[in-house]
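If you look up Swiss-Prot, you'll see 2-37 marked as region 'N-terminal extension'. The Zn(2+) binding site annotation in Swiss-Prot covers His17, His20, His35, Asp77. Residues or ranges marked as N6-methyllysine in Swiss-Prot (evidence: an author's statement): Lys30. Residues annotated as domain '4Fe-4S ferredoxin-type 1' in Swiss-Prot: 38-66. What Swiss-Prot lists as [3Fe-4S] cluster binding site is Cys46, Cys52, Cys94. Per Swiss-Prot, the feature [4Fe-4S] cluster binding site maps to Cys56, Cys84, Cys87, Cys90. Look at Swiss-Prot and you will find 75-104 tagged as domain '4Fe-4S ferredoxin-type 2'.
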Amino acid sequence: MGIDPNYRTNRQVVGEHSGHKVYGPVEPPKVLGIHGTIVGVDFDLCIADGSCINACPVNVFQWYDTPGHPASEKKADPVNEQACIFCMACVNVCPVAAIDVKPP
């Protein structure tokens, strides 16, 4: 089961990180929520294999350290989500379906 495609309406915004919204719940270090609105990454599903970072032609993602998280200790953070060109490359290569892209 991948990211909830309705997280933008089903979850509360609980904060901001690197210029994008974070949707809860969040209970670090084990529950980190979904980061981003245009390009959402479920940090609790992300296994940090780097597929999305390598596939993105406009460098939407940067590595972010998440020590102590059970899935992986780093995440693909959508820090440049405003640059997204909606090619869906990241969505198509993510092995755990942790990414959802929706134009504003």
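Using the three backbone atoms N, Cα and C, a Cβ is placed for every residue, glycine included.
Predicted, not measured: the structure shown is a model, and the values here were computed from it.
Features per Swiss-Prot, on structure.
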| residue | record | Cβ contacts under 8 Å, 6 or more apart |
| --- | --- | --- |
| His17 | Zn(2+) binding site | His35, Asp77 |
| His20 | Zn(2+) binding site | His35, Gly36, Thr37, Pro78, Val79, Glu81 |
| Lys30 | N6-methyllysine | Gly68, His69, Pro70 |
| Cys46 | [3Fe-4S] cluster binding site | Ala71, Ser72, Lys75, Ala76, Val96, Ala98 |
| Cys52 | [3Fe-4S] cluster binding site | Val41, Val60, Phe61, Ala76, Ala89, Cys90, Val93, Cys94, Ile99 |
| Cys84 | [4Fe-4S] cluster binding site | Ile38, Val39, Val58, Val60, Val101 |
| Cys87 | [4Fe-4S] cluster binding site | Pro57 |
Asp77 (Zn(2+) binding site): tally of other CB atoms within 10 A of its CB:
24
Which residues, same chain and not among His17, His20, His35, Asp77, have a CB within 8 angstroms of the centroid of the CB atoms at the recorded Zn(2+) site?
Glu16, Ser18, Gly19, Lys21, Val22, Gly36, Val41, Tyr64, Pro78, Val79
Would you mind pulling the DSSP three-state label for Cys46 ([3Fe-4S] cluster binding site)?
coil
Considering every residue in the region 'N-terminal extension' (2-37), what is the mean pLDDT value?
96
What are the other residues, in sequence order, whose C-beta lies within 8 angstroms of the center of the C-beta atoms of Cys56, Cys84, Cys87, Cys90 at the [4Fe-4S] cluster site?
Val39, Cys52, Ala55, Pro57, Val58, Val60, Ile85, Phe86, Met88, Ala89, Val91, Val101
Please list residues from the chain of Cys56 ([4Fe-4S] cluster binding site) whose Cβ is under 8 angstroms from its Cβ, counting only those at least six apart in sequence.
Ala89, Cys90
According to DSSP, does Cys87 ([4Fe-4S] cluster binding site) fall in a helix, a strand, or coil?
coil
